[in-house]
Amino acid sequence: MIVIFLGPPGAGKGTQGKKIAKKIDLPHIAVGDIFRTIIKTSTSEAELINNYVKQGALIPNEIVNQVIKVFLLSSKYKNGYILDGYPRNLEQAKFFEAFIQKPQIKIIYFDVADELLIKRVLGRYSCKNCGKIYNIHFLQPKIEHVCDVCSSSVFDYRKDDNKEVIKKRIKVYKTETYPLIDYYKNSGNFYIVNANKNEQEIENDIQKILKIN
């Protein structure tokens, strides 16, 4: 089974992707994390991608498509996965469908208010060791400065997150992705979750969609 999580930055896709992936025993692929890893390398591709990210612009389709294609060729994804953050527009969706040639896809769209998105994105950070996501407003570690999962005390605050860049990313996202939502609505496998809810409520709604006990 392939599950696609669609939604703007800060909608909660990454948090839910990790939790649901464990429940259905499928890998969670966070496309944003893939590109952040590439950016850390000393290559011309990394520099090019980083320029788009800093401006709040979407990375060109031809770059995204090829990176995802190479990534998904790994044998560990042959039985399915949760794909978080891709495709983001019609061109990417059609490329993806032609590449995978599998009919069993479920698309879940995270619908959330812009004001809440901005607050979530500005407040989020993660454990540098295990990747557990936290938020200064909504989800702090149980013990201050100690990760709940791995007990690390080293955290990563994303440098590309500031209010103006986030607003631009949301605007660009809507322009690019709303036509994709209309496209998927007619697929018969498109679902909407209210991502204004709290983390547990969103997880419960996704479990119902995927029929997880």
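Any Cβ shown, glycine's included, is placed from N, Cα and C.
For the ATP site, Swiss-Prot gives Gly10, Ala11, Gly12, Lys13, Gly14, Thr15, Arg124, Ile133, Tyr134; the one candidate out of Lys197, Lys208, Lys211 that the record lists there too is Lys197.
Your range for region 'NMP', going by Swiss-Prot and the list 30-59, 60-89, is 30-59. Pro87 (AMP binding site) counts 26 other C-beta atoms within 10 Å of its own C-beta, drawing on all protein chains shown. With DSSP classes pooled into helix, strand and coil, the tally for the region 'NMP' (30-59) is 21 helix, 1 strand, 8 coil.
Here Arg169 (AMP binding site) is positioned 21 angstrom away from Tyr134 (ATP binding site), judged by their C-alpha atoms. Counting only residues at least six positions away in the same chain, the Cβ atoms of Cys127, Asn129, Cys130, Lys132, Pro141, Ser153, Phe155 sit under 8 Å from the Cβ of Cys147 (Zn(2+) binding site).
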